[in-house]
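Down below is the structure, laid out as structure tokens.
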């Protein structure tokens, strides 16, 4: 038997069944996890291609292995398309993830024990922005800024005060759970005042930046990092951008050989495909719809009496503060999951509960918008979510409400076919 001709079902029925069941799950739930999306069949085809066989340490035309002519072409396409999409001079498409993109920047620009200033976790920051359990919190002196205690908006005056007080080497503008726009120009002013590098982490809003629905950090940040999934709707991976070519050279060396070995050429090819899709006019319409859907969801939940953090949203993220309702984020997310609505528990600013419990939940509209959902559908989803949350108030057993909402979810999801 030639192993090269083995198909998955014949070789490994267990994994085959897992993939089949996961496809069924994705096809039968309302997916509201803000960091997830559905890629095109073209992206899947590229990522599942024979490019996975090719080892290609180094960069195009500067590899440590022979036989890289075709994968060089794929990586150059990905680089050039990324530069065009974000209107910048430098792009590195090799990071395996957004976390490793951030690590590459730290390795390129910082020394151990340098000070970094980033958003705190409960205010919406990411683990890699200096959180204690993360490598960024172990290798560097980290200082966290919070949002305003009344408005929950970024407090630029407080960031400036902390920057002057602590003199960071790197200032980070970015988030994983913040529903409003970021003023990158203000961040650059603060960075310049203390002589810091400015890194913008746009993992969540990259699609909005690429389409002009959010201010681009490229003219302001020394370096920009992102994931390539989420609103970019590509394969899971990382991306680094800059208009500073000298910084780009440092990052290239930091990523390889400093942090990674061989790049994942099948994933890079899939990134190239996604970037090409994102350069089409239809993608701008998609991002506009993502934002409109998020606003519709937020308003729907507000009308049912639920507190939306900051009073609304400017992007794909909707954060619900459940403190006054006496419901934990963990309990809400689990009950919604049983009703066919997938989201995640999420800390809210100044949250006093455990990060494994939390006082809030986070929704995102990117994935369902890819399936074709419009504002009216998200209004309906908002009412479904509210039904579940209403049922949880002073009630340990929410099973009847979960079954009722699950039947409504099934009716709605049938209107939006999945992969053929």
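Using N, Cα and C of the backbone, Cβ positions are placed for all residues, glycine too.
These figures come from a predicted structure and were not determined experimentally.
In this structure, residue 246 ((6S)-5,6,7,8-tetrahydrofolate binding site) is part of a helix by DSSP. Residues or ranges marked as (6S)-5,6,7,8-tetrahydrofolate binding site by Swiss-Prot on the basis of sequence analysis: 121, 125, 126, 127, 246, 354, 355, 356.
Annotated site 'Plays an important role in substrate specificity' per Swiss-Prot: 229, in sequence order. Taking all protein chains in view, 25 other C-beta atoms sit within 10 angstroms of the C-beta of residue 229 (site 'Plays an important role in substrate specificity').
Residues or ranges marked as N6-(pyridoxal phosphate)lysine in Swiss-Prot (evidence: sequence analysis): 230. DSSP assigns residue 230 (N6-(pyridoxal phosphate)lysine) to a helix. A simple way to gauge crowding: the CB of residue 230 (N6-(pyridoxal phosphate)lysine) has 26 other CB atoms within 10 angstroms, across all the protein chains here.
Residues 121, 125, 126, 127, 246, 354, 355, 356, recorded as contacting (6S)-5,6,7,8-tetrahydrofolate, have a largest CA-CA distance of 42 Å.
Secondary structure at residue 355 ((6S)-5,6,7,8-tetrahydrofolate binding site), as computed by DSSP, is coil. Summary for the binding-site residues 125, 355: the Cβ-based neighbour count within 10 Å is maximal at 125. Each of the binding-site residues 121, 127 was scored by the number of other CB atoms within 10 Å of its CB, and the largest score is that of 121. Under DSSP, residue 121 ((6S)-5,6,7,8-tetrahydrofolate binding site) is assigned to coil, being neither helix nor strand in the three-state scheme.
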